[in-house]
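A quick write-up on the structure given underneath.
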Protein chains: 6
Amino acid sequence: FVNGKFCKNPKLAKADDFFFPGPKMLGLNISRSTSNRVGSTVTPVNVEQIPGLNTLGISLARIDFGPNGLNPPHTHPRATEILVVLEGTLHVGFVTSNLNPGNRLFTKVLRKGDVFVFPVGLIHFQFNVGKTNAVAIAALSSQNPGVITIADSVFGSTPPISVDVLTKAFQVDEKVIELLQKQF
Amino acid sequence: FVNGKFCKNPKLAKADDFFFPGPKMLGLNISRSTSNRVGSTVTPVNVEQIPGLNTLGISLARIDFGPNGLNPPHTHPRATEILVVLEGTLHVGFVTSNLNPGNRLFTKVLRKGDVFVFPVGLIHFQFNVGKTNAVAIAALSSQNPGVITIADSVFGSTPPISVDVLTKAFQVDEKVIELLQKQF
Amino acid sequence: FVNGKFCKNPKLAKADDFFFPGPKMLGLNISRSTSNRVGSTVTPVNVEQIPGLNTLGISLARIDFGPNGLNPPHTHPRATEILVVLEGTLHVGFVTSNLNPGNRLFTKVLRKGDVFVFPVGLIHFQFNVGKTNAVAIAALSSQNPGVITIADSVFGSTPPISVDVLTKAFQVDEKVIELLQKQF
Amino acid sequence: FVNGKFCKNPKLAKADDFFFPGPKMLGLNISRSTSNRVGSTVTPVNVEQIPGLNTLGISLARIDFGPNGLNPPHTHPRATEILVVLEGTLHVGFVTSNLNPGNRLFTKVLRKGDVFVFPVGLIHFQFNVGKTNAVAIAALSSQNPGVITIADSVFGSTPPISVDVLTKAFQVDEKVIELLQKQF
Amino acid sequence: FVNGKFCKNPKLAKADDFFFPGPKMLGLNISRSTSNRVGSTVTPVNVEQIPGLNTLGISLARIDFGPNGLNPPHTHPRATEILVVLEGTLHVGFVTSNLNPGNRLFTKVLRKGDVFVFPVGLIHFQFNVGKTNAVAIAALSSQNPGVITIADSVFGSTPPISVDVLTKAFQVDEKVIELLQKQF
Amino acid sequence: FVNGKFCKNPKLAKADDFFFPGPKMLGLNISRSTSNRVGSTVTPVNVEQIPGLNTLGISLARIDFGPNGLNPPHTHPRATEILVVLEGTLHVGFVTSNLNPGNRLFTKVLRKGDVFVFPVGLIHFQFNVGKTNAVAIAALSSQNPGVITIADSVFGSTPPISVDVLTKAFQVDEKVIELLQKQF
C-alpha cells in the first residue's frame, strides 16, 4: 500500500495502466444522467480508475449539469481544482478561509471555454445558470483528491453528528437541524 | 513574500523570532473568555505570531471551552491536527470523505491527557460535554494551516452564496436558508 | 519571486486572479489555426495566464490538431500530463526511461472521451490519425510545467549544439545533422 | 512498509487508529517519574503509538522535569519542534548551524504559557530553572521525528566511536574521553 | 514497494546497506572501458546498488570518457545533476525549455576540478574535447533519477515510434528517419 | 528571498550561474591545506558559490584529510550525504537515532573508489586511517545543507551553553566541561 493502493513492479507496467476508456464513462457524446436531487453528476478519473496514476499527483473529472443543476458546496482535502467549461454557462465560486478579512466569496459566470481555479481545501460550487445542459472538465492536483460534500458530511454522516453540536454550530433550533438531517 | 509572508535574512534572526509570550495570550493561568455564541475561543500561535515559523511546517493553538462550549465543524485546508486535552471532557469527531463507504463519523470522548488526530482537510469538531470549563492544546502540521468554519463559510460569506445554490445544496426551502444566513 | 513569479499579498487577491477568459483563447467554439509545420497548436493556461495558480501545482492546455497534425515528441521537466480527447482520433505514446528493459514505447489509439496519462519527464507525442480535426484538453501537475520539444531543443537551440556532439550522438554523418539543423 | 510502518487499508480504519489514551501515558494528573540521571522524562505520542498518524506529518510529546531536570542537548533529524510550557520555568535554547557567523546560541527563559520554536535539525535543550517540577507539551512536524541525544550518540553508541576520533574531535586527551564514555 | 523498491524494517538495517564497494565498480584506479559507439561509460551508484538510499533523495555516477568520448544528449526525469571533473577537459551544455526566449544552449569548457549544474529535466551532454581520457563524478538529486537518452528513446524504442510521427517531428523524409532508426 | 537567497528572473540566467571554477577552489591538482586542529578541510560548493542551484536540491563538497586528519562528528540538518573516496583510506561511520535499539554505530573502512551514505540528520564522521593524505567528494541532497559540528555547537557556541546544562548532559563535573569549552 502506498496512499492506500498497491504499487506495481515498474517492469510489469503496460499501456493499459495509463489508459481510461472514454465511451463507457467519460465519452462526451454520451451525456451522463443528471436525474438526482442536485441535477449534476461527477465522473471521476483518478487512481481508482487508472492505476498508473499512483504517486503522479494529478487526476481528472467530467461534470454534467442539467438545467439548474448544481455541483453543491464541497472541498477536496488534498487538491487544487482547475475547471474548463465545454458546454453551457456556469456560476462558480469559492469562499476564502477565516484569515482576516475572511469568508470572502469569489464568483464568476463562466461560458464555453472559460477556465477557473479553486485553491486546495476551500469550499466551492458550480451552478448551471444557462437554459441548456452544461458540461465541464475538472483537473485536480492529486491522484486521489478526495471529495467532501458539505451537506452530506455535516447533515448526512453515518452515524449522524449529535444534534447538540449542530444546533450550536448553526445557531438554529433542533427542528431545523432535524429537517436538514432528514434530507441526507 | 513566501507563503504570503516576508522572509528574513537568516543572519538577522534573533531569539524573539522563535518566541511567543504566553502570559498575555496563551498563558494557561489566564483563561480566555468564552462568552460568544458557540462558547469557545481559539488562540492561534502560527506564523502570524511567530515569524520564525515560516517554512517550518508546524503551529499551535490553545482552545478554551465554556460548559457546552463548541469548536464548531471546520476544516484546515493545509494541515493535520493533533489535540491533547488539558482540562475537562470533550466529545470530538471527524467525518471521512465521500470515498465509498463515505461520510463516516469517527468520534471519541476525550478526558484530561487524551490525544486525538484529525487528518488534513476533513470536517471536525470538539464539544465540551463536561460540567466545567475545558482546555485543549492543538498542534497543526503547517505554519499557516488556515481555518474554514463551515457555518460561517457557507451561510456567512461576504457577499453571501446565492439562495438558489443553497436551497438546492441543502434540499430545504428558501425560508430555512434565510434563517440560517441570518445567524452569520 | 517564487518560481520566477511575484507572489501577491493574499489580502489583495480577487476573482480575476483565478480566472482565464475562454472565448478569446481557449473557447472550444473558436478553433485555433493549425497551419504550421507540425499541424498542431498548444494553448497553455498556466501561471503565466492565471497568476492565482502560483504554488498550487496544476495547469491546463488545449491542443488543436489538423488532419495528420502532430504534437511532436516532447517532455515536461516538472509535470505529469493527463489528457482527454474532445474531438477526433489520436495515436498517442510515451517511451520509458533506460531502466532495463528500457526505451519501451507504450501507445494507444484514443477516441472522443478517452483518457491517457504521460508520466513526469518522459518523452511523449500525440498524432491525429483521424480524417477530421482533433481537439484535446491536457492537465499538468505543475503551475509551470515547462515544455522541451526534442527536435527544437536538440537541432534548433540558440546557439546550436556542436555538430561533433550531434554526429556522435545520432551516429550519422555531418550532412544528415546539418539537414536536421536546417529545419529548426 | 511506508516510513518503516505498515499502512492500513483506509476502508478498515476506525476511531481508535486516531486516538491515544491519556490517563495511562500522557495524563496531566499523573506525573511521570523523573528519577534518572538528567531529571527529565519524555513521553512521545507519534506513529508508534497512533498508527493513524502515518504520512500525516505531525506528532506530540509531553516532557516532565524534576527540579534542575534537563532535557539534554539533542536534535530531531526530521522535524521542527514547537513547545508550550504548562507548569514551571524553563531555560531553553538552540544553536544555529556553522553558517558564518555560526554556532550562535539563542536562549529564552519560558514561563507557564510561553511558546518557543526549535528549527529542524538544530541542537537544542530545555532546563528546569524553577524550584518546582515543570511540564511542557512539544509538537513535532513529523509522525516519526527521531531523537538524537548528543551525549548518548557521541559517547554512548554501540559499539563506541573510536577514542582516536573523539580525542581529535574534542581536543582533549584519552582520559577525558574515557571518562565521558564511562557515563553512557 | 516504495518507488518500486522494497523497504526494509529499519531495525534490520546494517552498514552494508549504505555501502558500495569501489574497486570492483567505481574504483578510480580501474578505468572503465569506453569502447562503444559514443566513447563513454556511465557507472551509476543509486538505489539499485545501495538499498539504504531509498527515500533519501540522492545518488552518484562515475563517467569515463575516451578521447572524443561523448555522454550523449539525455535528461533525468526526476533529478538535477551536479558534476565535477576529475581528469581531462569536457565541453558541457544544457538547453533551456521552450519558455520565451526558449531553447537557449548554455555551455562551458570544464577542466580538472571545475563544477557545473544541469537543472532537473533539461537536455544536456558532456563531450571530451581534450586529448586524453576524462573522468567525472556526477551527483543526482534522486535515489532513482532515471535516464532518457534522446537518440535511443526517439529512434531506438521497442517497438519503434511510427515513421509518420518522426518525419513530421524532424521535418525530414522517410529515408533520413530510417537511417537514424537503423543506428539504434 | 527564497531559502534566504534572492531568486533571479529566469530570463536573465546565464551559464556562469550554473558554474563553479575548480582550479582556484576545488581543483584536485591543488590540495587544500589541512594544518588545523582536526587535520581536515571541507570546501563546499553549494548555493552560496553557485546561485543557479537555488531550489534544485543538491550540492557538493571536497574534503581533504592530512594523515590522521578527521572530519569530526557533525550533522547536516537538511541533507543526506553520499561520499566517494578519491585518494587514501577513510574510517567512516554514523550513529542511528534513539529508536530502540538506538545509538547503533555503523562503520566501514573505505578505500579509493568506495562509496558510503550518511542518512539525513544523523551524526557522522570521516577519519583518515591511511599513511598518506586522503581526498573525498561528498554530494548532499540540498542546495543549502547546513553543517553542525557537534563539538563546536555544544562547547563553542556564542554565547556558551550554561555549565549547569552541560555538566548534567555529559554527567561530568564542571572542570571537565570548562576544559572542553576552552578548546572551542
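Just so you know, glycine gets a Cβ as well, placed from its N, Cα and C.
These numbers come from a predicted model, not from an experiment.
As recorded in TrEMBL:
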DOMAIN    C:28-178  domain 'Cupin type-1'
BINDING   C:Asn71, C:His76, C:Glu81  oxalate binding site
BINDING   C:His74, C:His76, C:Glu81, C:His124  Mn(2+) binding site
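Features recorded in TrEMBL, as mapped to the structure shown.
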residue: C:Asn71; record: oxalate binding site; Cβ contacts under 8 Å, 6 or more apart: C:Val38, C:Ser40, C:Val42, C:Ile63, C:Phe65, C:Phe125, C:Gln126, C:Phe127
residue: C:His74; record: Mn(2+) binding site; Cβ contacts under 8 Å, 6 or more apart: C:Ile123, C:His124, C:Phe125, C:Val147, C:Ile148, C:Thr149, C:Ile150
residue: C:His76; record: oxalate binding site; Cβ contacts under 8 Å, 6 or more apart: C:Phe118, C:Val120, C:Gly121, C:Leu140, C:Ser142, C:Pro145, C:Gly146, C:Val147, C:Ile148
residue: C:Glu81; record: oxalate binding site; Cβ contacts under 8 Å, 6 or more apart: C:Val117, C:Phe118, C:His124, C:Ala138, C:Ala139, C:Leu140, C:Ser141, C:Pro145
C:Asn71, C:His76, C:Glu81 excluded, remaining Cβ within 8 Å of their centroid (oxalate): C:Ala61, C:His74, C:Thr75, C:Ala79, C:Leu83, C:Phe118, C:His124, C:Gln126, C:Ala138, C:Leu140, C:Pro145, C:Val147
Structural state of C:His76 (oxalate binding site), classified by DSSP into three states: coil
All-chain count of other Cβ atoms within 10 Å of C:His124 (Mn(2+) binding site): 24
Extra residues within 8 Å (Cβ to Cβ centroid of C:His74, C:His76, C:Glu81, C:His124), Mn(2+): C:Thr75, C:Ala79, C:Phe94, C:Phe118, C:Leu122, C:Ile123, C:Val147
Mean of the pLDDT scores, which run from 0 to 100, over the domain 'Cupin type-1' (C:28-178): 92
